[in-house]
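These features come from Swiss-Prot:
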- 1-32: transit peptide (TRANSIT)
- D322, D326: Mg(2+) 1 binding site (BINDING)
- D322, D326: Mg(2+) 2 binding site (BINDING)
- 322-326: motif 'DDXXD motif' (MOTIF)
- N466, T470, E474: Mg(2+) 3 binding site (BINDING)
Amino acid sequence: MSITFNLKIAPFSGPGIQRSKETFPATEIQITASTKSTMTTKCSFNASTDFMGKLREKVGGKADKPPVVIHPVDISSNLCMIDTLQSLGVDRYFQSEINTLLEHTYRLWKEKKKNIIFKDVSCCAIAFRLLREKGYQVSSDKLAPFADYRIRDVATILELYRASQARLYEDEHTLEKLHDWSSNLLKQHLLNGSIPDHKLHKQVEYFLKNYHGILDRVAVRRSLDLYNINHHHRIPDVADGFPKEDFLEYSMQDFNICQAQQQEELHQLQRWYADCRLDTLNYGRDVVRIANFLTSAIFGEPEFSDARLAFAKHIILVTRIDDFFDHGGSREESYKILDLVQEWKEKPAEEYGSKEVEILFTAVYNTVNDLAEKAHIEQGRCVKPLLIKLWVEILTSFKKELDSWTEETALTLDEYLSSSWVSIGCRICILNSLQYLGIKLSEEMLSSQECTDLCRHVSSVDRLLNDVQTFKKERLENTINSVGLQLAAHKGERAMTEEDAMSKIKEMADYHRRKLMQIVYKEGTVFPRECKDVFLRVCRIGYYLYSSGDEFTSPQQMKEDMKSLVYQPVKIHPLEAINV
C-alpha cells in the first residue's frame, strides 16, 4: 500500500525578498511514498521530535496522513542526520531540532562515565566537530586515544581528519597529531586506489585538497551531485514515512530555487555595472561574475539577497579602484579619488580631472547612498557615516601602499601587516553586508574591539594567502609583499629560501584563522553568531582563492564551480519509492 502527497515548496519570505522586484512562484512536486517503508531515523534524547511535521510546516506542504514522530534511540544516527542536513544545504529548516540534538549530545559528552559517543570512533569524531563548531566547550583530549588506533575503515579515518581541522589552539597537540596521521593515511589510500566506494573516494579527494577553502554552497552542490540517483540510498534516514530519495529531491529543488534567485542577482549586478559606466573603463579586472559567484557561495539563504548584492558591489568597486591605484591611473588621480570621498560631494564633470576619476567616484558615491538608504530601513538609523568612513579607510590604505612602493619606503613586516589587512577589502565588504541580515547592529557593536579583531583576523588571512600567490608577480613590479619582507628580515641570518618564507607566511595565515575561529565559536560575545559566521565564510574565500594559485585574477577551478553553482540547475530525476 502506498500513498501520494504533494510537497509544496512555498515562496521564501523575509526582508530581502519582500523588497525584490521578482518573486518565485510556489512549486509542487508530487511524491509517492510507501507506507511499508522502514526509513527510520533514530534519535537519542528524551523528547520526541517530529522532523516530518517540521518539514511540512517549513515548506507549506500537506500530507494525507498524520505527522510522523521519530522516537529516541541512537545518538550516532542523530549526528549523521545533522551532518547530512548540512551537506545538502537544508539544515536551516531544522535549526531548532538540531540545537536540541546537539544540546543532548553535549550533556552526554560531559558525562564522566563511558557512553556510546566514546565507544564509537566515528561518532566521537563527528560529535566533537559539530559541538565545537556550534560553540560548545569540548576538549580534544577525548580524541587522543584514537590517534594510536589501527583503524582501517576509510570513512572513520575521514571523520577523524575532519575533526582535527577544528583545532583552535596552538597547544592542541592531540589534533595536530591526529591531523598528520589521518591526512597521511588518506593520501596513501588515494595513491593505492584502495577506496572502492566512488562517493567516498571523491569525498576524501575533496576534503584533502583544500579543507579550509570549502565554500558552503559549492560543497552543497557537490554533495547533491554525489548523492545522485545512483547513490541516494547512501543518505542517512531522515524520517519514518519520508523516503530518503524524496528528501534528496526536495533538497535539489531547494538548491535550484536558490540558484534561480542568484541568476537574477547577476542580472541586477550587470545592470548596475553598466549604469555606473564601469564597463567603459579600459583597464583592470571585470569581476562581476566572480563577485556574484563568491557571494552566492557564502550566502545561500534566499532572504539574504540584499546582503549578497551589497557584498558583491563592494568586491567590484574595491577591485576596480585597487587596479586604478596600481596601474590604471596616475598618482595624482589616485589621490583625487580619496579627496573626493573625504569631501563626499558631487561636482561638475570638468572638476574631476579625468573621465576615469569621475566614473569611479560617482560609482562609489551613488552606490553608497543607495545602500545607506536601504540600510536605514533595515537598521532603523542612519549608517551612511560608517559606510563613508569605510571607504576613506580603504582608500587611505591604498594611498599608503602606493606611496611605499613609489617612494621605495623601507617597511618592516610588522609595519606592512599593520595596515595592509585593510586594503584586501574584507572589512568594507563584510560590514556593508551585515546591515542586511535582519539583525540590528548598534554603533557600539560596529566600533567594538571585537569587531576590529574579527575584521583584522579574517583580512590578515586573505592578505597573507594572497601575498604568497602574488609574490613573484609583485616582485617584478617592485611592489611590497609580506613574502619579500619575510625574506628581507632574515637576510643577515641563515639563508632562507622563498619556499621557507612562503611556508612561514602560510603559518601566519593559519594562526589568524584559528584566532578568528576562537572568536566565532565563543559564546557571550558582542556580535550574535549569525554575524560572526559571515567572517568565517569570508575566511574560507581566502583559502579558496589563494591556496594553490590566484583564482581571483586567473580563475581555473572557479570556472567549473561557477557553472555548477550559478548556471547549471541540479537535474532532478524521477525517483521511485522504496518498498520494503
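Residue numbers in this text run from 1 along the chain shown.
Every residue gets a Cβ built from N, Cα and C, even glycine.
Distribution of Swiss-Prot features across the structure.
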residue: D322; record: Mg(2+) 1 binding site; DSSP (3 states): helix
residue: N466; record: Mg(2+) 3 binding site; DSSP (3 states): helix
residue: E474; record: Mg(2+) 3 binding site; DSSP (3 states): helix
Neighbour-count leader, CB within 10 A, binding-site residues: N466, T470: N466
Between D326 (Mg(2+) 1 binding site) and N466 (Mg(2+) 3 binding site): CA-CA distance (Å): 16
Shell of the Mg(2+) 3 site beyond N466, T470, E474, same chain only (C-beta within 8 angstroms of their C-beta centre): D467, V468, Q469, F471, K473, T479, N481, D550
D322 (Mg(2+) 1 binding site), number of other Cβ atoms within 10 Å: 21
Those residues of the chain, 6+ apart, with a Cβ under 8 Å from that of D326 (Mg(2+) 1 binding site): L402, T479
List of residues, in chain order, with Cβ under 8 A from that of E474 (Mg(2+) 3 binding site) and at least 6 apart: D467, I480, N481, G484
Whole-number Å value for how far D322 (Mg(2+) 1 binding site) lies from T470 (Mg(2+) 3 binding site) (Cα to Cα): 15
Local confidence of the motif 'DDXXD motif' (322-326) - pLDDT mean: 95
